[in-house]
Amino acid sequence: MVQSSVLGYPRIGADREWKKALEAFWSGKLEEPEFLRQLQDIRLNHLRKQQEKGIDLIPVNDFSYYDHILDTAAMFGIIPSRFSYTGGVVPLSVYYGVARGTKDAAASEMTKWFNTNYHYIVPELSGASPVLTENKPLAAYREAKEKLGIEGKPVIVGPLTFLKLSKGYAPSETDAWLEKLLPLYVQILQELAEEGVQWVQIDEPILVTKLSDADVQHLHHIYTTFADAVPGLKLILQTYFESVENYCDIIKLPVHGIGLDFVHGYAGNLQSIGAFGFPQEKVLGAGVIDGRGIWKASLTGKLELLKELAKAVPSDRLIVQSSCSLLHVPVTVESEANLTSELKDALAFADEKLNELVLMTKAFSSEEATQGELEQYDRAIQVLQQSAVRNRKEIQTAVSAISAQEPVRSAPFAERHAAQQTKWQLPLFPTTTIGSFPQSTEVRKARQSWRKGEWSDKQYAEFIREQIDAWIKIQEEIGIDVLVHGEFERTDMVEFFGEKLAGFAFTQNGWVQSYGSRCVKPPVIYGDVAFIGEMTVEETKYAKSQTSHPVKGMLTGPITIMNWSFVREDIPREQIAYQLAYALRQEVEALEKAGIGMIQVDEPAIREGLPLKAVEQFEYLAWAVKAFRIATCTVQKTTQIHTHMCYCEFHDMIDSIEAMDADVISIETSRSHGELIHSFEQNTYKLGIGLGVYDIHSPRVPSVEEMTGMIDRALRVLDPNLFWINPDCGLKTRGLEETVASLHNMVEATNAARAKYEQSLGK
């Protein structure tokens, strides 16, 4: 009989209870025993919910105190030596030190989880001697069984994926590392088998990327080792986010089941099954319900897909499941009271996706009994599709005309750079920040009072101006060259713009985890996007009036707005990007008209949208670059366009970054310990660039010497006349004192670098 399952459930809780507990613990407001009790309550509530919904195979060990990759590293005692870990179960102080940094030790690198907006902590293998510190999957299984009577499905990150996502070892050392790790995995699996566990989900999302011959050999060695060690334990090799590469090699592995994504990997996986079949002795985990999108599934369409799969796989060997963990979607639509019924009825968050899985499983077993229910379910999608908000002909016509042209600036970079230097007279190595400054409790309370109607628009505007005044003065006193207004009027860099554009909707509790306790509430792009009126001009123009320094206008770019939103699925993402770019172009032009001669259009999420398949990446980058240029190409040559990006393996897209033709780009680099600089050692970059010299995600204040070292290395590979100095990212989440201290050190490091460089020239 067909069964239902999910690959993972959101950690954060319907009211972000998880986030609140973590932050209370970090601030010392919660003692460790109470913290652990609260997290157990959250964890059990999630399991109970899946049990009550009727999910057959419920995942355990998908919960985390921060990040599941960090959990895996901690389980194996893989902790960088700078954290003074001495062995045994990793204490929470060390665990969170690795994730967030301490006063004396920099945090481990954080980077994107494949092509999502979730971030994982990168394991550092250099010098590590792995041991099994605790069997977390076993503890999670026992807890679910003892507390709730659930025979859970333990989830664990697979060895190949874990190694591929780690750093601090050479490819030639892979065999040696497998020999260290495999006995620990075997011990985990043997203890699970002895406990009576039936199914274990081993996550190997790395299998949707291109594998080398050596990778395939390692894969065979890993799973042959497991099969020999625990022949009676049912292992399901789970993939997600795309179709698998090396399908024929994967289906030959000695595992009981294979999980495939039939949403984001629909075409490739279906084609592989059609061409090569599926082993009759294995179970197919059919990921038919989208674990990353928020829209209701067309259940009649999904039922037809299951019927197609059943031609290759006996129905008693099918598991109906989510395409990936539900970690990437909000918890429930139930608490959303402010959405139109037209939109709300078309949404499905995590809990609603559980309902979809149960209904799909039921329908597959008895289609006739559920036919009316399926048709009624699908009707909500059809209603939204016919809505006027999705059929703005004037926007569609304008965007079609603009996107048919090649967007180019009025002059090449060399000519623009000379004109801008003449206009701005900036010093060597200009200093700036990325945009936002700390949002204090006072700022958040003021915004809340205004939104509740307790403050008038005038009161709130005056308050924002006071914040701008204070931080303009702080920046001037520190000695920063190019200032920003601080973004005190903004909650989130995407939500702020979405609230001022047509085609967006906003949830009350549509939170998802981005990294650690950092949760984001992505807007919903459900209709055609349109410019309504000026969005940032008032605050930026006011800030400029308070100083003789240049002040940057601050916008979020079209690709980032798209990639950090939940987007409609009825038109190509390329068209959504062009609609956003057209709207932002009108704001860029308004800023320039208001006298703002430096405008930053941030694209920190451009990498996130990059397809996992190399064959699809060129096309994505082409239209992503085009969208940025549509937004920025109409300004005068003296207007300096900036952009900002977060670090995430940019070595393979530097050409595209240069093609964006921004006058200055700032890139996050410090958390990767300068690794991105190596990319510029291999590739020449000919436009203005600032490499972030300190990590804003960590509460520690970096020393002048640290930043000077980063600057010195960067200047060995970058043109000093085009080099800027800035923090890694915006400073909204940091405290006042640490921000001021860090920026003071940054300016001091800059002054030292200027003196050193001028001395080298004999000045």
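Cβ from N, Cα, C; glycine included.
Automatic, uncurated: that is what TrEMBL annotation is.
Per TrEMBL, the feature active site, proton donor maps to His697. The 5-methyltetrahydropteroyltri-L-glutamate binding site annotation in TrEMBL covers Arg16, Glu17, Trp18, Lys19, Lys112, Asn117, Arg518, Cys519, Trp564, Glu608. Feature annotation from TrEMBL assigns L-methionine binding site to Ile434, Gly435, Ser436, Glu487, Asp602. Residues or ranges marked as L-homocysteine binding site by TrEMBL: Ile434, Gly435, Ser436, Glu487, Asp602. As annotated by TrEMBL, Zn(2+) binding site applies to His644, Cys646, Glu668, Cys729. According to TrEMBL, the feature Zn(2+) 1 binding site maps to His644, Cys646, Glu668, Cys729. Annotated domain 'Cobalamin-independent methionine synthase MetE N-terminal' per TrEMBL: 4-312, in sequence order. Annotation comment: TrEMBL describes 429-751 as domain 'Cobalamin-independent methionine synthase MetE C-terminal/archaeal'.
Known features from TrEMBL, placed on the structure.
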residue : record                                                : Cβ contacts under 8 Å, 6 or more apart
Arg16   : 5-methyltetrahydropteroyltri-L-glutamate binding site : Trp511, Cys519
Gly435  : L-methionine binding site                             : Val484, Gly486, Glu487, Met493, Lys552, Met554, Gln600, Asp602, His644, Gly730
Ser436  : L-methionine binding site                             : Val484, Gly486, Glu487, Arg490, Met493, Gly730, Leu731, Lys732
Cys646  : Zn(2+) binding site                                   : Pro604, Ala605, Arg607, Ile667, Glu668, Asp728, Cys729
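Here the Cβ of Cys729 (Zn(2+) binding site) has 26 other Cβ atoms within 10 Å, regardless of which shown protein chain they belong to. Compute the center of the Cβ atoms of Ile434, Gly435, Ser436, Glu487, Asp602, which mark the site for L-homocysteine; besides them, the chain residues with Cβ within 8 Å of that center are Thr433, Val484, Met493, Met554, Gln600, His644, Cys729, Gly730, Lys732.
Taking the C-alpha positions, the distance from Lys112 (5-methyltetrahydropteroyltri-L-glutamate binding site) to His697 (active site, proton donor) comes to 14 Å.
Classification of Trp18 (5-methyltetrahydropteroyltri-L-glutamate binding site) by DSSP places it within a helix. Rounded to a whole number, the distance between the Cα atoms of Ile434 (L-methionine binding site) and Trp18 (5-methyltetrahydropteroyltri-L-glutamate binding site) is 29 Å. If you take the Cα of Arg518 (5-methyltetrahydropteroyltri-L-glutamate binding site) and the Cα of His697 (active site, proton donor), they are about 10 angstrom apart, rounded to a whole number. Among the record's 5-methyltetrahydropteroyltri-L-glutamate binders, Arg16, Glu17, Trp18, Lys19, Lys112, Asn117, Arg518, Cys519, Trp564, Glu608, no two C-alpha atoms are more than 27 Å apart, and one pair sits at exactly that spread.
Distance from the CA of Ile434 (L-methionine binding site) to the CA of the residue listed as 'active site, proton donor' is 13 Å. Each of the recorded positions Arg518, His697 was assessed for Cβ neighbours inside 10 Å, and the highest tally belongs to His697. Comparing local CB density within 10 A for the binding-site residues Lys112, His644, the maximum falls on His644.
Taken together, the residues of the domain 'Cobalamin-independent methionine synthase MetE N-terminal' (4-312) have an average pLDDT of 97. Under 8 Å, Cβ to Cβ, and six or more positions away along its own chain, Trp564 (5-methyltetrahydropteroyltri-L-glutamate binding site) finds Asn117, Val494, Val520, Pro522, Ala605, Glu608. Here Ile434 (L-methionine binding site) comes close to Val484, Asp602, His644, Ser666, Gly692, Asn726, Pro727, Asp728, Cys729, Gly730, Leu731: these same-chain residues lie at least six apart in sequence, with C-beta atoms under 8 angstroms from its C-beta.
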